[in-house]
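Record features (Swiss-Prot):
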- C325: active site, nucleophile (ACT_SITE)
- E359: active site, proton acceptor (ACT_SITE)
- Q192, Y219, N224, E240, D300: S-adenosyl-L-methionine binding site (BINDING)
Amino acid sequence: MQENSCEYLKHCGSCTLDMPYSEQIDFKKNFIKEHFKDFHNGEIIFFRSPISKFRSRAEFGLYHDDNSLSYTMRRADGGYLKIDKCSIVDEKISVIMPVLLDLLKENQNLKAKLFGVEFITTRDEILIILLYHKDASTIIQELTWLQSKLKVGLIARSKGKKLVFGSSSLNEKLFINGKSYHYVFGDAAFIQPNRNINENMISWVLDHTTDCKDLLELYCGHGNFTIPLSFKFNKVLATEISKASINSALKNCELNGVDNIKFTRLSAEELMEAFLFKRDFRRLQDIDLRSYEFSHILVDPPRAGCDKSVLDFIRNYENIIYISCNPLTLKENLKLLCKTHSVDKFAIFDQFVHTNHIECAVVLKKY
């Protein structure tokens with residue numbers, strides 16, 4: 001296996017693990033085994049990632065030097081490092097990075113007060129977001145020209161404004177267990193940044209979801225897990241606080257021929273109030289909570305994990321699927337969850353190769 005040969009490795013603050021990939025795997029496995037030995041002594045599956053060209057979303061700073069312009073990353077020791085390529089980004093990003101930079105250098109108005117660039121890719125598409133310290137509406141003509149040259153979706157953001165040239169949404173296709181799933185989402189959506197690992201995560205969850213009746217999902221986003229799981233359950237109730245994500249999720253149901261999911265824009269705390277019949281919500285007026293027979297609950301919380309009230313709520317369910325982007329908060333949450341449940345399955349997903357980041361998933365079953 002070819003190791004990370006990036007010329008910026010020892011200086012860039014993004015890839016912090018300067019070691020062969022086999023050693024990175026051992027490091028992460030040992031970390032998890034040590035920290036979770038009180039909760040699980042069974043098998044822990046490790047899902048490897050490609051070690052290059054795996055990241056589908058990336059953001060770079062920009063360094064201005066007279067008439068020159070360079071991409072930057074934060075240095076490991078502070079400050080900024082000028083770069084002209086990045087080995088971990090999707091191939092489509094690698095190809096368009098120098099093209100975009102050359103076009104920006106041609107036009108003083110386009111590059112003035114431009115401080116960052118974000119790239120988002122799917123399997124077949126790419127979207128570019130330019131970040132300005134000025135009112136981008138003053139350079140609409142130049143941005144229109146730039147989009148015509150790039151022939152991809154282009155967004156300019158500045159001081160609360162968002163200008164769109166072409167499309168601001170992306171179409172994705174995932175292949176999981178011999179079946180394809182279609183998604184659409186906007187530029188502000190939370191997406192899994194490693195497509196290969198995302199497919200493995202969904203596949204693993206599907207493989208370890210059995211004896212299914214109805215599913216309750218918290219933090220569902222645009223339906224990344226919801227859509228594939230809907231084919232295993234009678235009915236699904238999924239919650240999310242972002243209106244844009246809910247709209248994308250509804251569209252994704254149409255794209256995949258799914259009609260057994262109800263999406264509702266509620267926070268986890270509001271959902272608990274609804275289930276305890278402490279409060280009525282207009283957003284639930286067409287949903288009969290008593291009609292569901294939930295056999296599983298899936299949570300994919302932010303890095304802070306679930307607070308005690310949410311943990312007390314999800315402990316009511318026979319089967320818990322917990323996706324975690326922070327093993328330390330997962331460990332804290334398991335201290336309470338394992339009073340009523342045991343960890344049945346445990347997996348590590350290497351979303352961010354060459355970093356300390358560890359993504360985990362556990363399946364818990366009630367005693």
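Heads up, the Cβ atoms here are built off N, Cα and C, so glycines get one too.
Feature annotations (Swiss-Prot) mapped to structure.
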residue	record	Cβ contacts under 8 Å, 6 or more apart
Q192	S-adenosyl-L-methionine binding site	N198, M201, N224, Q351
Y219	S-adenosyl-L-methionine binding site	T239, E240, A268, V299, D300, P301, P302
C325	active site, nucleophile	P302, R303, Q351, H357, E359
Around the Cβ of N224 (S-adenosyl-L-methionine binding site), other Cβ atoms within 10 Å, all chains included, total 26
Given the S-adenosyl-L-methionine site Q192, Y219, N224, E240, D300, its other Cβ neighbours within 8 Å of the Cβ centroid, in chain order, are F190, C220, G221, H222, F225, I323
One finds that other Cβ atoms within 10 Å of the Cβ of E359 (active site, proton acceptor) number exactly 23
Across all protein chains shown, the binding-site residues E240, D300 give the max Cβ-within-10 Å count at E240
